[in-house]
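If you check TrEMBL, you get these features:
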type     : residues : note
TRANSMEM : 51-72    : transmembrane segment
DOMAIN   : 63-241   : domain 'G-protein coupled receptors family 1 profile'
TRANSMEM : 84-107   : transmembrane segment
TRANSMEM : 127-146  : transmembrane segment
TRANSMEM : 167-186  : transmembrane segment
TRANSMEM : 206-235  : transmembrane segment
Amino acid sequence: MELEFELPNATAFWFSPASPFDNFSLEAPTNSSQNATGHHFDLTSNAILTFIYFVVCIVGLCGNTLVIYVILRYAKMKTITNIYILNLAIADELFMLGLPFLAMQVALVHWPFGKALCRIVMTVDGINQFTSIFCLTVMSVDRYLAVVHPIKSAKWRRPRTAKMINVAVWGVSLLVIMPIMIYAGVQHNHGRSSCTIIWPGESGAWYTGFIIYAFILGFLVPLTIICLCYLFIIIKVKSSG
């Protein structure tokens, strides 16, 4: 059984499997054969997971770079929808740049890169998550305006406006993840370093509050807006047909 050595006021950033040696120091082994098997399994699973992360990183970087290049290279590709897709690709590209750090933490079973880089990687990861969902929400609203109010929205649905909205999305995402930027840090526990969100206090109230906060702003509100937009689109299409 693997054990996590996180304090109650710390939220794990990357998936950080416990070291195989933690079992040896905290649990009485039943027999040496079982310990050796568990140790081998942990090392194998870490190696496989590290390999998967690097593969995803390479494929993601190539794919998103291609999308960015095509949209920027060809003038005909600079449509309103593609401008939002470009924003998504840029956010995903930044996230892919952080995957090697995730892979190294999984491989080494600790965070070796220091507090500054931990805060940067966590910030980029948080921005990616919220920027992506906010972009999808904006795209849904844009589709709603194009289908339900095509004439009224014509003066607003322009590439210049889309670019300004993209900038606003990044700004809002940065504000939303401010708690991550403030409380991200490296925690040292049982000889290991982990990149975490270290909340003030010991009650766990900050952690619970952040989970609710992220759930509402990063899932519930965007999902509600997206569902309503496509519901109105369906109603409009049916009434027109």
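Keep in mind that glycine also has a Cβ here, set from the backbone N, Cα and C atoms.
Automatic, uncurated: that is what TrEMBL annotation is.
It should be emphasised that the depicted structure is a prediction, and the values quoted were computed from it without experimental measurement.
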Which bits of the chain, at least 6 residues beyond where the transmembrane segment (51-72) starts or stops, bring a Cβ under 8 A of a Cβ in it?
78, 82-83, 85-86, 89-90, 92-93, 95-97, 99-100, 102-103, 106
Tertiary contacts of the transmembrane segment (206-235), defined by C-beta under 8 angstroms and 6+ residue spacing from its ends, are 8-9, 11, 129-130, 133-134, 136-137, 140-141, 143-144, 147-148, 176, 179, 183, 197, 199-200
The mean pLDDT across the domain 'G-protein coupled receptors family 1 profile' (63-241) is 92
